[in-house]
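Here Swiss-Prot flags 1-73 as region 'RNA-binding and homodimerization', drawing on sequence analysis. Per Swiss-Prot, the feature region 'CPSF4-binding' maps to 180-215. The annotation region 'Disordered' is assigned in Swiss-Prot to 205-230. Annotation comment: Swiss-Prot describes 223-230 as region 'PABPN1-binding', evidence class sequence analysis. For 34-38, the entry in Swiss-Prot reads motif 'Nuclear localization signal'. According to Swiss-Prot, the feature motif 'Nuclear export signal' maps to 137-146, an assignment based on sequence analysis.
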Amino acid sequence: MDSNTVSSFQVDCFLWHVRKRFADQELGDAPFLDRLRRDQKSLRGRGSTLGLDIETATRAGKQIVERILEEEPDEALEMTIASVPAPRYLTDMTLEEMSRDWFMLMPKQKVAGSLCIRMDQAIMDKNITLKANLSVISDRLETLILLRAFTEEGTIVGEISPLPSLPGHTDEDVKNAIGVLIGGLEWNDNTIRVSETLQRFAWRSSNENGRPPLPPKQKRKMARTIESEV
């Protein structure tokens, strides 16, 4: 196993522990708590894949971080922070909408790269809105946190989420996954609307890169883009 993979996991475990202590003092905002919850799932998946114990990795990560901080002057730390672009966290969904459990009458699941696509094929003739929470850097998609499909009644009927055991995805991965979700939902004559946030950062207009957003074999009846509700 690559030593960098192990040490990266150890540092991530310790930094998650620090963030958890911060949240336990009720100091974190909603985006912070949401990332904390999702990163916990990711760490569990990575730990299982690597065969590493999280508690042991956390202790090792603490030693690595302490050693770095001892060697790092404050001036260098300030310069590093200033030179790194800060991501923006954009939200279509509330924390309740993101954490709500949902069930499928006719479940369908597909894995595309490091993204898992789930939808309920029992849904027919509905107006459906795609909403997402994501982070962007320099006006480009950095990470899709979660995408969900909602009916007008607020029922969740579809979802795209990163696989905890396979971190990392590109904006093209997200775009392709959205195409699969839309194609599956449109198959039952549902009408799909896309939030302004998704339209801008993950589901850009057709012909932008010389091809339509949906694969040729999928239906093309995208409804008008709606403005973000948040």
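Please read every residue number as a count from 1 along the shown chain.
A Cβ is built for glycine as well, from the same backbone N, Cα and C atoms used for every other residue.
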Overall pLDDT for the region 'CPSF4-binding' (180-215), taken as the rounded mean: 73
The region 'RNA-binding and homodimerization' (1-73): DSSP-derived helix, strand, coil residue counts: 61 helix, 0 strand, 12 coil
